[in-house]
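Asks: Questions regarding the structure given below will be posed in turn.
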Amino acid sequence: MKNKNRGFFRSSLSYAFVILAVIFLIYSFFGRSDGSVKHLSTTTFLKELKNNKIKDFTIQPGDSGVYTIAGDFKKAQKSSSSSSSTTTLLSGYQSSVTKFTAYVLPNNSSLKQITTAAQKAGVAVNPKPAASNFWGSMLTLILPTLIMFALLYWMLIGSQRGQGGSGGPGGIMSFGRSKAKPADPKQNKIRFADVAGEEEEKQELVEVVEFLKDPKKFTKLGARIPKGVLLEGPPGTGKTLLAKAVAGEAKTPFFSISGSDFVEMFVGVGASRVRDLFENAKKSAPSIIFIDEIDAVGRRRGAGMGGGNDEREQTLNQILIEMDGFEGSEGVIVLASTNRSDVLDPALLRSGRFDRKILVGAPDVKGREAILRVHAKNKPLAADVDLKVIAQQTPGFVGADLENLLNEAALLAARNDEKAVTAADIDEAEDRVIAGPAKKDRKTTQDERETVAYHEAGHAIVGLVLNDAQVVRKVTIVPRGRAGGYALMMPKDERYLMSEKDAKEELAGLMGGRAAEILINHVASSGASNDFQQATQIAREMVTQYGMSDKLGMVQLEGSSNVFVGDPNNPNPPYSQKTSELIDEEVRRLTNEAYKRAVDIIKSHPKQHKAIAEALLKYETLDEAQIRSLFETGEIPSDLVKDSQRPARPLSYEESKAALKKNGAVDNKEAEDELKRTKMIRKMKMIPSRVPIQLQKRRQPRRLQLLDAVNNKFD
């Protein structure tokens, strides 16, 4: 790369020298002046003419209408300082001159005066016609044409040399070529062992790796490997990393491109790039094509607004044709990632194109611990850092969040000139990631501090009493971002379902802040605005999605609707005005009940509430153990009890393959046992014939439903 840049700069420098030389020659040819010429004013010329110092002269009309007079002196004259600087530099100092020039305005009186003076002095006058600048005119006409043809020639020659960027050779003529960057298999060092927290997803991709390594193993049994694998999940879960790991394990060429790189301002460019991409991949088969953020080009057709989507739809049509046009034995597999699968075209998701869809969700506690260990390899950790505890404290964090957490902790440690990352650094980094940097210099009155302290203590008291689903992780009154303080609630365990009891407890916890304000200060403040926002969202989901309302019944009114604006199949709202009013009534009922419950809890624990609030005013931040100790004994403990178990780590490719076989054997045994039980029950005529319930559950993807980690931000 360094040599290429050096050659580019050398060629540019040579071109610059050539251009400067041409300009200098043109200037020398058309604009040079004689160094032995003295310029005279009109008055001086007439004076010299009357004094009989002029031998002869010529009068010639100029381009600008001014007459030019040029002639010879009878005797050599001394040169003046008005000589041209260019002439002085090139020819040296001139001691005397024999020629002169002068300019006269084109009026009859001036010309008549000059002619009369010349006749009296006996000086010959030689009139000349206006000179025609033939070469200048020809250059003005021909030069733009030559430049245009030179540019066309440069573009055509550059396009034949190969693909280039928009600023290099061939850049203008290479719009139809793919921008996919083929990665060398030898340079791809990412393996399955580098991907943590996605063990089930890696097992799903083992077959893809096996096919790329040994396609005959599948083709001889009549099996067809999936032509496309769609990696779906929220941002930051590692979809791109998984695709790189597949290419690294298979040791095959890896073509990566973004969905937005297909479409340009020119018509037909996207479809041409798709054809070029698949053509290059087939030449390098077995290979992998990875399209990142495929929703940029794969959105549902016919749902656009304004009719400006023709180019994108042509590109999508070409992708559909290419994916359904090549055979699996050609060894080209398409991997794509998206976090908006709901807007993808149904033809793109059908069998034969993206046959397999893998949900890459947020990792569980073991996955988070494994991810932390991967990102902590190059960071020195202090003895008080327990990655297992950090994993338990960060539910809902994805891989990108955990990497950012450790990076922030390392930056804080470097800022404090520490030799290792401590637990305090990680704790501060977690607060920065969740709520923003601390604003310790913000000046607040004592009344505001007390209001915030009792507000957050109210959240803590309700959370400590209603602790079946959640625990109080931390409470602080240190301002961070736009929050004046917050109470951090975490699920006790990894939750995949939320019961009605859990939802109502969470609502009561959110209402604890306003309940404390009314009980202590007897005045409401704006600090509970974020509490109400989250409480309204939870209550609305209970009513419209989860069927937790007797008045509305077990119906889903809103759900995970398609948010694609141009989708004609997405009416909003999908219910009547009367139903909308009933939803508002039920949401209001749930929030009011939660508020009354929070008031009752705080009234029954006044001493604990006051103790936690006073501790917040003194220490500003309390962790889980300190809060629980204050609630139970009224004192703050001095140390914490830590749990030690075998640390989690990401599985390698061979371990993932073995786990896949093991899980498959277990699933088959469970399925056989379930079928036997179903047949026995059917013989007893207790239930009708149907697919076993366990098999139905196994077919459904497991989705992790976690609410926001920060259950309150005191705005």
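Cβ coordinates come from backbone N, Cα and C, glycine included.
So Swiss-Prot has the following annotated:
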type	residues	note
ACT_SITE	GLU456	active site
BINDING	GLY233, PRO234, PRO235, GLY236, THR237, GLY238, LYS239, THR240	ATP binding site
BINDING	HIS455, HIS459, ASP531	Zn(2+) binding site
REGION	167-187	region 'Disordered'
TOPO_DOM	1-10	topological domain 'Cytoplasmic'
TOPO_DOM	32-137	topological domain 'Extracellular'
TOPO_DOM	159-715	topological domain 'Cytoplasmic'
TRANSMEM	11-31	transmembrane segment
TRANSMEM	138-158	transmembrane segment
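In the displayed structure, how are the listed features positioned relative to their neighbours?
Replies: In this structure, GLU456 (active site) is part of a helix by DSSP.
Under a cutoff of 8 A between CB atoms, and with a sequence separation of 6+ in the same chain, the neighbours of PRO235 (ATP binding site) are ASN339, VAL398, ALA400.
When pLDDT is averaged over the topological domain 'Cytoplasmic' (159-715), the result is 77.
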Asks: Closest to PRO234 (ATP binding site): which of the recorded positions HIS455, GLU456, HIS459, ASP531, going by Cα position?
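Replies: Smallest Cα separation from PRO234 (ATP binding site) among HIS455, GLU456, HIS459, ASP531: ASP531.
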Asks: Specify all same-chain residues, apart from the site residues GLY233, PRO234, PRO235, GLY236, THR237, GLY238, LYS239, THR240, whose Cβ lies within 8 angstroms of the center of the Cβ atoms of the ATP site, ordered by sequence.
Replies: LEU231, SER337, ASN339, VAL360, VAL398, GLY399, ALA400
Asks: When the number of other CB atoms within 10 A of each residue's CB is tallied over all shown chains, which of the binding-site residues THR237, THR240 has the maximum?
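Replies: Answer by Cβ density within 10 Å: THR237.
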Asks: Round to the nearest Å and give the CA-to-CA distance linking LYS239 (ATP binding site) with ASP531 (Zn(2+) binding site).
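Replies: Checking the Cα atoms of LYS239 (ATP binding site) and ASP531 (Zn(2+) binding site) gives a distance of 33 Å.
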Asks: Work out how many Å separate GLY236 (ATP binding site) and ASP531 (Zn(2+) binding site) at their Cα atoms, rounded off.
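Replies: On Cα coordinates alone, these residues lie 27 Å apart.
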Asks: Quick one: of LYS239, HIS459, which of the binding-site residues has the smallest count of other CB atoms within 10 A?
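Replies: Comparing Cβ neighbour counts within 10 Å for the binding-site residues LYS239, HIS459 gives LYS239.
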